[in-house]
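**Q** The following feature annotations were taken from TrEMBL:
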- 150-168: transmembrane segment (TRANSMEM)
- 247-268: transmembrane segment (TRANSMEM)
- 289-315: transmembrane segment (TRANSMEM)
- 370-481: domain 'TMC' (DOMAIN)
- 379-397: transmembrane segment (TRANSMEM)
- 439-462: transmembrane segment (TRANSMEM)
- 483-504: transmembrane segment (TRANSMEM)
- 551-572: transmembrane segment (TRANSMEM)
Amino acid sequence: MPSLDHDPVVIVLVLFSCRAIQETQMKYLSEWDQWKRYSSKSWKRFLEKAREMTRHLELWREDIRSIEVICLCTKLREKFSSASNRCLTLFLADMQCTIYPVSSSGLIYFYSYIIDLLSGTGFLEETSLFYGHYTIDGIKFENFTYDLPLAYLISTIAYLALSLLWIVKRSVEGFKVNLIRSEEHFQSYCNKIFAGWDFCITNRSVANLKHSSLRYELRADLEEERIRQKIAQRTSEETLRIYSLRLFLNCIVLAVLAACFYAIYLATTFSQEHMKKEIDKMVFGENLLILYLPSIVITLANFITPVIFAKIIHYEDYSPGFEIRLTLLRCVFMRLATICVLVFTLGSKITSCDDNTCELCGYNQKLYPCWETQVGQEMYKLMIFDFIIILAVTLFVDFPRKLLVTYCSSWKLIQCWGQQEFAIPDNVLGIVYGQTICWIGAFFSPLLPAVATVKFIIIFYVKELSLLYTCRPSPRQFRASNSNFFFLLVLLIGLCLAIIPLTISMSRIPSSKACGPFTNYNTTWEVIPKTMITFPSSLQSVIHGITSEAFAVPFFMIICLVMFYFIALAGAHKRVVVQLREQLSLESRDKRYLIQKLTEAQRDLRDQ
């Protein structure tokens, strides 16, 4: 209930009652007392009037009061304007960050569809091939709602996790076989000479190939043994000279890699700055060249650097087997690092800008209104260009070369050129390169794995035709166990390199506000904690316990103990193997001794 003390009617009644009581009391006072009371009241009123007059005589009183009022009004206005400006800025920022220009309709040149198909722009950009097509709206069913943002992120993580598990499983199997094969130094010559022939061979050409393969393996083993003896007989001056030469040649290799990376950076920067021009302002070839400039530079680097590495490796004085492995490792690093340079260059362009757009949106909204789609387009262009190059080399280089070698074999130049060899490492590295592009682009272009699957199926049949009709087998035979383990290891490195930029883009770079299923989230990963909030409290406590330090530290210690146990177990098994080999050697000596004694006994019996 409201208080009666603040009721205005009550206050007025109280004042009237007080005045009536005072008038009643005045009637009963003497004239002297009445005069004293009136005079005291008059004196009080005079003093109040005098104080008011002195206040008006103060210097700059009115000006100061007006300034105080102005300052107060100014402060209020500043606060109001700052609040309104902040609201207006946030509103304009939200409006600016959600702007996503749609491809203009109207008169379109005929070659624009070809450019769109090759670059992923135009009509193809609005399809489900790219990130921007998907929205934040869930799909509602009768009993539940399909959370599209969460499903989008979980499907990408599951795809990468399954790939990792499959590669690790296959790598462990290959590592076991490789470990067993690596212990066969003493038996390698005997196995190749006495058990290296395949008696199922019935074709003469296959038999000749098997002969050349065995000759190459024996020659390589003898060369490696010669290199070992040469290394053991080197003097300190020769060792210093060869290591200085290797250091110099490795500096050249690093310089070549740095030049390639810088060229990719310049090509990507130039392409991103000039690709926003209207198509009608450029001719067909110029537009296509600008769109595919990073892919062209990466492909040229992948073609040129293996030739340079193959020439450099001959001067480093390594064994033939180590030369092959080191050249392959350099080529692998070159192929995978070029993709990473392209991705990180795009990331730097997305997160940097000259105006205050990055402060408002968190990324360069002016050039990249939907940056995830544009990164997906770059991966799509790499995939398509790699496919075009493989088809072009097979159709316009390998087949004409086969025809020239077949019908113009009398020419000395054609004889020096020779028939194309089917190099297994180069083809496998090409597959690893394409798969790495697929892994990186899987988040930005959800249907890119399907495109990669179709590409690999077509490439398989193209390579099969090329192998059967245009190529000759390589005289170098690659052991299945060693090569499988090596290529799976390379594939694992490619997957790890693909996970790094994906993790940074999901957790650090703000998601696009103009497109995609994460427009209401600051980052892509933010959908995970917001989804966990909806879980029951017991499940939340379990998840927080698993992800806390109290669980991580003991788990890490247990994993380390298990790892040390298996390392110790492997060492014990290795010692047992060594002991068994020594036992077999002793048994063979005993048998030789017994045979020798038996021979002597038989000779003595004959002499008798």
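Along the chain as shown, residues are numbered 1 onward.
Cβ atoms are placed via backbone N, Cα and C, with glycine included.
Where the annotation comes from TrEMBL, it is an automatic prediction and has not been curated.
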**Q** So which of 150-168, 247-268, 289-315, 379-397, 551-572 has the most C-beta pairs under 8 Å when paired with the transmembrane segment (483-504)?
**A** 150-168
**Q** Count the CB pairs under 8 A between the transmembrane segment (289-315) and each of 247-268, 379-397, 551-572, then give me the winner.
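**A** Of the candidates 247-268, 379-397, 551-572, 247-268 scores highest.
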**Q** Look over the recorded stretches 150-168, 247-268, 379-397 and say which has the most C-beta pairs under 8 A to the transmembrane segment (439-462).
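**A** The stretch with the most contacts is 379-397.
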**Q** What else in the chain is close to the transmembrane segment (150-168), if you only count residues 6 or more beyond its ends and a Cβ gap under 8 Å?
**A** 134, 439, 442-443, 446, 449, 488, 491-492, 495, 498-499, 502, 506, 517-518, 524-525, 527-528, 531
**Q** Against which stretches of its own chain does the transmembrane segment (379-397) lie, if we need a Cβ under 8 Å and a gap of at least six residues from its ends?
**A** 118-120, 129-130, 291-292, 294-296, 298-299, 339, 342, 430, 433-434, 437-438, 440-441, 444-445, 448, 451-452, 455, 458-459, 462-463, 465-466, 470
**Q** On the 0 to 100 pLDDT scale, where does the domain 'TMC' (370-481) sit on average?
**A** 82
**Q** Give me the DSSP three-state residue breakdown of the domain 'TMC' (370-481), ordered helix, strand, coil.
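**A** Within the domain 'TMC' (370-481) the tally stands at 85 helix, 6 strand, 21 coil.
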